Amino acid sequence: MGERKGQNKYYPPDFNPEKHGSLNRYHNSHPLRERARKLSQGILVIRFEMPYNIWCDGCKNHIGMGVRYNAEKKKVGNYYTTPIYRFRMKCHLCVNYIEMQTDPANCDYVIVSGASRKEERWDMEDNEQVLTTEHEKKEKLETDAMFRLEHGEADRSTLKKALPTLSHIQEAQNAWKDDFALNSMLRRHFREKKKAMQEEEEKDQALQAKASLAIPLVPESEDDRRLAALLRLHTLDSYEDKQRMKRTEIIHRSWFPSAQGPSASSSKASSVLKKLCQGRRPPPSSTGTVGDLGIVRRKSRDVPESPQCAADNSLSEEQRRPPGTTQGSKTLEEAAEASRTSKTSESKRNCSDQAFPLGSSQEDLLNPNTPNASLVADYSDSESE
């Protein structure tokens, strides 16, 4: 039934084909409906598409190529036998009207009023495009032999100039002639690239898992490699490496202690002795006196030097005497006498320190409670038998 819809029309009883001719005349209508409302004036409303970019003169807005309008179309002239049509339309952004018409001579559209064209045209000859041959030139080529000969020479010179380009195009076409080989090469290239991408993705995932990174990694570049080569990373040794280094150091260490200098050993020994003497000094005790113990202190004021101290003093004086000195030199004698006097006093002090230990006196020695005390008896008043 679908193919009969266009034919099944209702004809009223008063319809007379001789009088009305058609149903459109009977209903006083047109098949194009509203688009033919100005058909009596020779104007037909059509859908016009903008052929190029323009600027509206009313609102100064840009109207792009391909925008469609309801335009009034009418015939305004002929170019030879080709009619020239004019289109009038209203801008959709303002109340301005734009008029354009065809240009059969140049195969183009011309703006009559209401807009200005965005100039994007170029010369076909400068663009090395194929130019259309005009009608007069065609007639001249057919009738004038000399003009045809000159035109042939110009064509041959143009061919010589275009020969390298044509040969390059031909080589490119021959290179892409074998479809199967090209398809195989392209698929092989895609497989290699896909494999490389998978390996790179696995490396990135391993690095992200090792460093606990949640950010995506970008592919490295040549600048990144050059910058990384200039840097030196010093990683911290692990606990096992430190233990291994300590054991290696212990193994290669000498079994015997290194010998220290005499000055260091003597200073260390003297400091230890002073600490011991200070620690052994007891607090003074008030219990007991010398009379209670029955001990009489020696009446002599000077403490006699021990034989060892006297020998040391004489030996030190002989060593300090410079060799080759004469008895008659007063300067050397005075210097030796001064040094001898100072050294003698120092030796006496040392001997007294030996008689009375460090931190002790005669009273401390007479005190029996002290650890360094010693009993001294005086028998000068007793009669020898």
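Every residue number used here counts from 1 along the chain in the order it is shown.
Glycine too: its Cβ is placed from the backbone N, Cα and C atoms.
In Swiss-Prot, the coiled coil annotation falls on 182-214 of the listed ranges 50-82, 83-115, 149-181, 182-214. Residues 176 of the same chain lie 6+ residues outside the coiled coil (182-214) yet bring a C-beta within less than 8 angstroms of a C-beta in it.
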